[in-house]
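Below is one structure, written out as structure tokens; comments come after it.
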């Protein structure tokens, strides 16, 4: 993968000049200028996902320069490097092969000359057998009862992805009740354990190293809780499975290593739901539906890898996003799913994007000071957000590009709920793009029988400037297949931006310093002695904590 500073390319210089040319052109102007704008600025995937990016402040010249930027930054060779197992995560000397986990064609993928697909398929087969035993009731707990509840204990990618997907695919769930514990705050595990029965609960401990502090603290508490009821160490093997590679510590914990599901160092945590980390998903929706999730992602992988840039959905979203942040000044992007089942989708890609592209050092080791890397990602389901933060999106002083996501078909077609939901979905992007002028506000008042003299002081507050960029992503229906494709679409968008930003998207050194300091502080919290080993603020906080506890 080549190291290319994007600001040194001819395309970047062209985009800077083009920005000035477009500075007085609004989205409304662009719709007037281009009569076929929707057709020319929308793409479809598999006749199941429609991506409309027409309500952005871009024209064909913008897209041409952005595509040239991708070419000058060697995107095509970077894609091939990822898909073929080159060690593009250079700071950790690792390949990046979450795509191999869903490689449904079984085309060989080599890492250090070895095809990884036989191992991938072996773990999938093991997961399938395990799911069949749990779901059918063949697997029994320590009193001979079948499993009714599954508790996934993990953090970060070992929690966010499985939780998001199991929630998104609740219409496909079976009789098993799913629970997720991540926070080291004892409240999280304590409240979860109140809901389950030790005789019928299975715990999945998701930690590659089996040493992750938060995960192992929660796992130990779950083990203690189980043994308090079972009073027999042999019960652990009947109620715990591990998603890990540390067989020694897994066995020491009391878990049968036959119920240890491996994954590899070329699987990053935030891209791991496709691996054994997705066991909770497969248990929740059944293995066939888990395979459909993999199939959807694989189809998007093929689209991303082979489709020309002009029709390439993840690449287009990445380029438009880069334009909004680096040339129009946006520092944040909102992901707004109009589907309650997708209520954790924004949180999932908050990690996916910000942990991947929240970097200030480029691939050459230089500090980046003349362009912006990853944006802040956030969001909530519609229409809840409309009654919370949309005010700022519409009339605030901060530019916030938004992705609106909605299914055409609801899993719960109650009365006219879905039409009301989708009417808001369509209305919001229209309002953000076109706004409402002073003249339109005045005309509304006149129509309502008001005199302009009486309302002149209120008119400015009812004006909407519009010109707020949005993407509309309409999905035929949220199924395992389409969800897999949607997730992979965003993954590849993040990858494309990382390539152009000239950063390493697959490490996360930014999480390390806090962990190191916490390990140093933890022994200081065991007694009541005052500390003086830190700065005055940290000393004061620790000492007050000790006084109050």
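Cβ coordinates come from backbone N, Cα and C, glycine included.
Lifted from Swiss-Prot, the feature list:
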{"type": "ACT_SITE", "residues": "355", "note": "active site, proton donor"}
{"type": "ACT_SITE", "residues": "387", "note": "active site"}
{"type": "ACT_SITE", "residues": "515", "note": "active site"}
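Feature annotations (Swiss-Prot) mapped to structure.
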{"residue": "355", "record": "active site, proton donor", "DSSP (3 states)": "helix"}
{"residue": "387", "record": "active site", "DSSP (3 states)": "helix"}
{"residue": "515", "record": "active site", "DSSP (3 states)": "helix"}
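Fewest other C-beta atoms within 10 angstroms, among the active-site residues 387, 515, are seen around 387.
Long-range neighbours of the residue listed as 'active site, proton donor' (same chain, six or more residues apart, CB within less than 8 Å of its CB): 270, 508, 510, 511.
Residue 387 (active site) sits 37 Å from residue 515 (active site), taking the CA atoms of both as reference points.
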